[in-house]
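**Q** Sharing the feature lines straight out of Swiss-Prot:
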type: TOPO_DOM; residues: 1-124; note: topological domain 'Cytoplasmic'
type: TOPO_DOM; residues: 168-173; note: topological domain 'Cytoplasmic'
type: TOPO_DOM; residues: 218-236; note: topological domain 'Cytoplasmic'
type: TRANSMEM; residues: 125-145; note: transmembrane segment
type: TRANSMEM; residues: 147-167; note: transmembrane segment
type: TRANSMEM; residues: 174-194; note: transmembrane segment
type: TRANSMEM; residues: 197-217; note: transmembrane segment
type: TRANSMEM; residues: 237-257; note: transmembrane segment
Amino acid sequence: MSGFDNFNTDFYQSSYSVDDQNQGGYGYSNTDEPYKPYGQYDYSQPMGYSAAPGMMQPQQPYTGQIYQPTPAFTPTSSQSMYSSSFEDEPPLLEELGINFDHIWQKTLTVLHPLKASDGSIMNETDLAGPMVFCLAFGATLLLTGKIQFGYVYGISAIGCLGMYCLLNLMSMTGVSFGCVASVLGYCLLPMIILSSFGVIFSLQGIMGIILTAAIIGWCSLSASKIFISALAMDGQQLLVAYPCALLYGVFALISVF
């Protein structure tokens, strides 16, 4: 054993001593604050670490119960949400563009051809009334044994297209196809009266011819009055009434024959 100790001493020639561990510390003996031996550090205040301000605050006490915790937010009931959304929605008839007040005013305007019409109301695209009047006209023809629904709708479409082209050429402001169809459809109301008389008596006599001519003049006068008031076509009523009379004359021929 003594030989082995001598061998280690001879082999490791160094000035390092075990007693210098607490003083040197692996080559850091020249620093201002050398490492301290184990057990001499103050662990209450760690060096180089500072906690975030929010992490060191005390926790808020839990105020809820075990089976009834305190909710983080109060959800809005579905009933109140749906009721508020339904109140904000417009009525269904308004979304469909059906206004019974305007329909009644347009009907009265047609029934009073000598009365001044409101151009702002007549300039609206309302097809609910014209569709009802077309169905009523076809129904009265059906009562006389004439199934003419196809002719009624076909002639109406062709007549609306022709009047649309003509009015756009004559007026300075222009007009939409829906407005033309609406006015011509409302002015079909006197023709329903003519076909209703055809259910009671024949329209092929002298009285029938006079009544038919009066109804054609009524329809064309109402339509031309509405067109010139809605499109500001002063002094052109006769020019507008002539093609309207041709259109309603075709409907009168269907009613008579």
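Even glycines carry a Cβ here, placed using N, Cα and C.
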**Q** Could you tell me how many residues in the topological domain 'Cytoplasmic' (168-173) are helical, how many are strand and how many are coil under DSSP?
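**A** Each residue of the topological domain 'Cytoplasmic' (168-173) counted once, the result is 3 helix, 0 strand, 3 coil.
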**Q** Per DSSP, what is the helix/strand/coil residue tally across the topological domain 'Cytoplasmic' (218-236)?
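**A** Looking at the topological domain 'Cytoplasmic' (218-236) with DSSP, the answer is 14 helix, 0 strand, 5 coil.
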**Q** Can you name the far-off residues of the same chain, 6+ from the ends of the topological domain 'Cytoplasmic' (168-173), with a Cβ under 8 Å from a Cβ of it?
**A** 231-233, 236, 239-240
